[in-house]
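Q: Let me give you the structure first, and then I'll get to my questions.
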Amino acid sequence: MEKGGGSPSAGGSYPQKTAETLSSQYGINLFLAGLLLTFAWAVHAVGISKSHLLSYLITLMLIQLLWMLWYLCRSCTQRRLIRDKDTHAGARWLKCGITLFAVITLILDSFKIGYYIDFSNCLSPTEGIFPVTHAVHTILQVYFLWCHAKDIIQSFKTLERFGVIHSVFTNLLLWTNGVLTESKHQLNEHKERLITLGFGNITIILDDHAPQCNCTTTTLCSIFSQGIYYLYPFNIEYHILASTVLYVLWKNIGRKVERQQQHKTPFKFHGITVGMIFGLIVLTSTIAIVVVYLIQIGRSKIKSELALTMFYLHAIFVLALMCTAGIVALLIYRLEERSLDNSKNPARKLDAELLVGTAAGSWLLSWGSILAIICAQAHPKYTWYNLPYSVLVIIEKYIQNLFIIESIHREQEKVNDNIKTLRIVTVSQGSTLSLTPSCKEIYNGRATHDSGEIPCLFKDSVCGRENHASGGSKEETSQENSLDMHSASDFSFSSRNSVTNNKRRVLKNIAAFLFLCNLSLWIPPAFGCRPEYDNGLEEIVFGFEPWIIVVNLAMPFSIFYRMHSAASLFEVNCKT
């Protein structure tokens with residue numbers, strides 16, 4: 001086990017690369033074993049029960065808890081040591097988001113504990129131990145991420161690689177378990193609604209894992225069972241965000257970084273009023289659409305068709321606005337000449353890969369819907385709205401990914417907007433004389449230095465005496481020419497600065513608008529508003545079981561894409 005930083009030579013880096021490979025393979029096998037166990041429980045495999053799955057997850061969480069406690073104790077004993085930090089990892093706003101989702105996850109755990117108490121006569125003890133262990137795991141993990149998400153570990157690197165990758169895949173398995181449980185609940189509700197749309201020829205078999213006993217207090221059981229499924233979307237987002245932060249921590253182990261000053265990018269509401277107003281309108285209307293959709297869908301065939309039509313029209317309008325905003329932002333970038341930051345940055349690389357990778361989920365669903373519309377023999381009126389909706393989903397994600405990826409790779413401006421033209425004047429015989437070039441010229445390293453002369457700024461009062469001795473008429477002519485040159489230069493610099501500020505203001509408003517739009521589009525699928533289930537056309541073309549499998553596999557990535565895009569756009573707004 002190596003301790004301390006390895007040498008930069010090839011021989012010194014070989015053990016580190018080997019440890020990285022071994023730890024990654026350990027994590028993948030850990031995940032695959034849990035994934036297979038989860039699948040076996042989902043399909044009611046013989047000899048596999050929910051208690052087996054929960055026991056496996058509890059074991060993984062306990063191992064992670066031991067590792068985090070060891071790491072925290074070791075960090076306390078080495079508090080005086082100066083450690084390298086990745087200034088791009090573990091942003092404060094990201095940790096705040098994780099904390100918010102973690103708080104709601106703790107509420108979910110308390111509901112599960114209450115549910116277990118009410119059904120304790122027929123539930124396995126693991127169903128009571130799991131939420132308690134998960135609550136402790138959540139509290140300690142959030143504390144760990146707040147304190148050590150930026151760490152670049154340089155000691156006990158082999159052990160730390162295994163500890164961090166274990167944490168990454170533990171969170172991914174908890175995410176998978178949450179996705180599966182929530183998907184089974186959504187599928188049961190979907191099966192019950194299908195007949196109302198006229199698809200009675202599809203066999204309806206509910207996949208029910210409900211306890212086989214009566215609840216001690218019926219009212220509380222109803223509250224707990226219903227509340228659990230409304231809180232699952234937040235639990236799902238918590239675990240996937242935690243796993244991404246931990247993955248960046250794993251990639252940073254043993255990394256050599258240049259010591260550089262951290263550029264703080266605080267979020268400011270100033271200058272983004274227009275984008276916030278339009279975004280809040282979209283958010284409010286989306287919440288209203290989701291409420292109406294969930295109330296109307298499944299009541300009757302007419303009401304279900306009206307709910308689907310309403311959803312599609314609203315989504316088409318929002319997606320069209322988002323496409324337009326993204327195109328405007330990309331055009332502004334084409335008009336600017338700013339270099340890209342191509343330095344090694346694991347957090348930024350992961351962000352770009354997650355954007356493209358998770359977008360594939362909704363692209364898969366969209367192409368499935370387009371193919372179903374083309375191949376279907378009968379087309380109810382409401383299904384035609386699905387065609388422009390699916391096309392716009394593909395185009396909007398394509399444009400938005402380009403905008404976000406270019407934004408996070410663009411270098412920040414080094415010159416402050418508040419820089420103004422600097423003038424240094426001296427009084428000579430009752431008149432003012434400009435002695436130095438504008439600030440812009442000094443900043444660019446030009447001015448009189450190009451001609452081999454030293455600017456009067458550095459000659460102190462000598463310039464004034466020399467100018468006084470050169471004669472009155474020559475002095476007045478030089479003064480007039482200097483003032484004219486500075487006026488033209490200042491006007492040109494001020495004009496360019498004003499144009500730059502206007503571009504930045506437009507970009508900030510676009511980022512704020514897209515941020516709220518992505519939050520808005522995260523809400524419908526996260527809380528059960530899923531037309532891919534309810535319109536029924538794809539299930540006729542592809543078959544019920546195949547299409548349900550496709551939706552259940554692709555939908556979690558589509559949901560995560562919206563939340564990850566919102567987080568990335570928040571960062572873009574701060575940087576712009």
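The backbone N, Cα and C atoms fix where each Cβ goes, glycine too.
So TrEMBL lists these for the protein:
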type	residues	note
TRANSMEM	26-47	transmembrane segment
TRANSMEM	53-72	transmembrane segment
TRANSMEM	93-117	transmembrane segment
TRANSMEM	129-146	transmembrane segment
TRANSMEM	158-176	transmembrane segment
TRANSMEM	229-250	transmembrane segment
TRANSMEM	271-295	transmembrane segment
TRANSMEM	311-333	transmembrane segment
TRANSMEM	354-379	transmembrane segment
TRANSMEM	385-404	transmembrane segment
TRANSMEM	506-528	transmembrane segment
TRANSMEM	540-561	transmembrane segment
Q: Is the transmembrane segment (506-528) in contact with the transmembrane segment (354-379), using at least 3 Cβ pairs under 8 Å (sequence separation of 6 or more) as the test?
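A: When sequence-distant Cβ pairs are counted, the transmembrane segment (506-528) does not touch the transmembrane segment (354-379), since fewer than 3 lie under 8 Å.
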Q: Going through 53-72, 93-117, 506-528 one by one, which has the most CB pairs that fall under 8 Å from the transmembrane segment (158-176)?
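A: Stretch with the highest Cβ contact count: 53-72.
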Q: If we skip the immediate neighbours and take only residues 6+ beyond the ends of the transmembrane segment (506-528), which ones have a Cβ under 8 Å from one of its Cβ atoms?
A: 186, 189, 230, 233, 236, 271-276, 278-280, 282-283, 286-287, 289-290, 293-294, 311, 315, 318, 321-322, 325-326, 328-329, 332, 400, 403, 407, 555, 558-559, 562-563, 565-566, 569-570, 572-573, 576
Q: Sort out the residues at least 6 away from either end of the transmembrane segment (26-47), same chain, that have Cβ-Cβ distances under 8 Å to it, and list them.
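A: Same-chain contacts beyond the flanks: 53, 56-57, 60, 162, 165-166, 168-170, 172-173, 176-177, 180, 184.
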Q: Report, as numbers and ranges, which residues of the same chain sit near the transmembrane segment (229-250): CB under 8 Å and 6 or more residues beyond its ends.
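A: Those are 23, 86, 89-90, 94-95, 97-98, 101-102, 104-105, 107-108, 111, 138, 141, 145, 148-149, 151, 153, 161, 164-165, 167-169, 171-172, 174-175, 178-179, 181-182, 185, 346-347, 350, 354, 526-527, 556, 559-560, 563, 567, in sequence order.
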Q: In terms of Cβ proximity under 8 Å, which residues at least six beyond the ends of the transmembrane segment (53-72) contact it?
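A: Non-local partners: 30, 33-34, 37-38, 41, 124, 126-127, 129-130, 133-134, 136-137, 140-141, 144, 147-148, 160, 163, 166-167, 170, 173-174, 177.
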Q: Cβ under 8 Å to the transmembrane segment (311-333), counting only same-chain residues 6 or more beyond its ends: which ones?
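A: Cβ under 8 Å, 6 or more out: 278, 282, 285-286, 289, 293, 382, 385-386, 388-389, 392-393, 395-396, 399-400, 402-403, 406, 410, 503, 506-507, 510-511, 513-514, 517, 520-521, 524, 529, 531.
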